[in-house]
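Student: I have a structure here, written as structure tokens, and I will follow up with some questions on it.
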Amino acid sequence: MTTVIKCHSLSYVIFNAKMTFVLISGGPGSGKGTQCEKIVAKYGYTHLSSGDLLRAEVASGSERGKQLQAIMQKGELVPLDTVLDMIKEAMIAKADVSKGYLIDGYPREVKQGEEFEKKIGAPALLLYVDAKAETMVKRLMKRGETSGRADDNEETIKKRLDLYYKATEPVIAYYEKRSIVRKINSELPVEEVFAIVEKAIDELK
Ligand SMILES: Nc1ccn([C@@H]2O[C@H](COP(=O)(O)OP(=O)(O)OP(=O)(O)O)[C@@H](O)[C@H]2O)c(=O)n1
Ligand SMILES: Nc1nc2c(ncn2[C@@H]2O[C@H](COP(=O)(O)OP(=O)(O)O)[C@@H](O)[C@H]2O)c(=O)[nH]1
Ligand SMILES: [Mg+2]
């Protein structure tokens, strides 16, 4: 059982010790979202994409959304507390039905990983979706033709990639020390990538 304690406007959540947290990391356009959809369909995990949560806030037209949009359009990182609070709230909303959580696009830097652990729990697995920079740029430019995303343009893609190599790759090294990283070659066709993902998740059981 997962317990949610509400106290005034604050919510505290005590997750079941056996609750599975899977992180999914990799560069922009590497194929995280694509694999997440397949994981949800097979394993019933709750998918939380930090980017999607932020875009929903932007779409709401709120004051906070306007500030977020300016940051995201530049390909920069939204402050840690903002993203973590959103993830936590979304986790709490699904706490009584969730079989496990798939956290997509967070942590973006080592500090974010440390905070996740303090406030939520320790991840069991990090799926590192790996593709070449050239491949990611190609995929994002193609996605940009239809995604309507303000950051799927050449200039912002370059910034997102630079920031990924500088801030997010060290996150993978941080979790490698704990042996929870599974590197997934996402240059392969989607189904072949998923076969590797399935193996990594099945090993958790
Ligand atoms: N934890 C996060 C997640 C997202 N963002 C912001 O939201 C943007 C889009 O994030 P996301 O949807 O996760 O995009 P990418 O990681 O670039 O990956 P993809 O487009 O492939 O989903 C980022 O560039 C960043 O400005 C952030 O600051 N912090
Ligand atoms: N060839 C190939 N294309 C992929 C693969 N995964 C994703 N794509 C394409 O790459 C683009 C970016 O994928 P997405 O899942 O949005 O990546 P994310 O940015 O990491 O969430 C999409 O338009 C997908 O169609 C893959 O494994 N192989
Ligand atoms: Mg995505």
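Including glycine, each Cβ sits where the backbone N, Cα and C put it.
Automatic prediction, not curation, is the source of TrEMBL annotations.
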Student: For the ATP site that TrEMBL assigns to G29, S30, G31, K32, G33, T34, R143, which of the candidates L68, L77, L188 is also assigned?
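Tutor: For ATP, TrEMBL names G29, S30, G31, K32, G33, T34, R143; of L68, L77, L188, the listed one is L188.
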Student: Pick the one from R160, R178 that TrEMBL also lists for the AMP site with S50, R55, E76, L77, V78, G105, Y106, P107, R108, Q112, R149.
Tutor: R160
Student: Taking ligand 2 as the reference, state which of the binding-site residues S30, S50, R108, R149 have a Cβ closer than 6 Å to one of its atoms.
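Tutor: Correct list: S30.
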Student: Among S30, K32, R143, which binding-site residues lie by ligand 3, judged by Cβ under 6 Å to any atom?
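Tutor: Among the binding-site residues listed, those whose Cβ sits under 6 Å from ligand 3 are K32.
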Student: At the level of the C-alpha atoms, what whole-angstrom distance separates S50 (AMP binding site) and G33 (ATP binding site)?
Tutor: 11
Student: Restricting to the same chain and to sequence separations of six or more, state which residues have a Cβ under 8 Å from that of Y106 (AMP binding site).
Tutor: L23, S50, V83, L84, I87, Q112, F116
Student: Grab the pLDDT values for the region 'LID' (142-152) and give me their mean, rounded.
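Tutor: Mean model confidence (pLDDT) across the region 'LID' (142-152) is 96.
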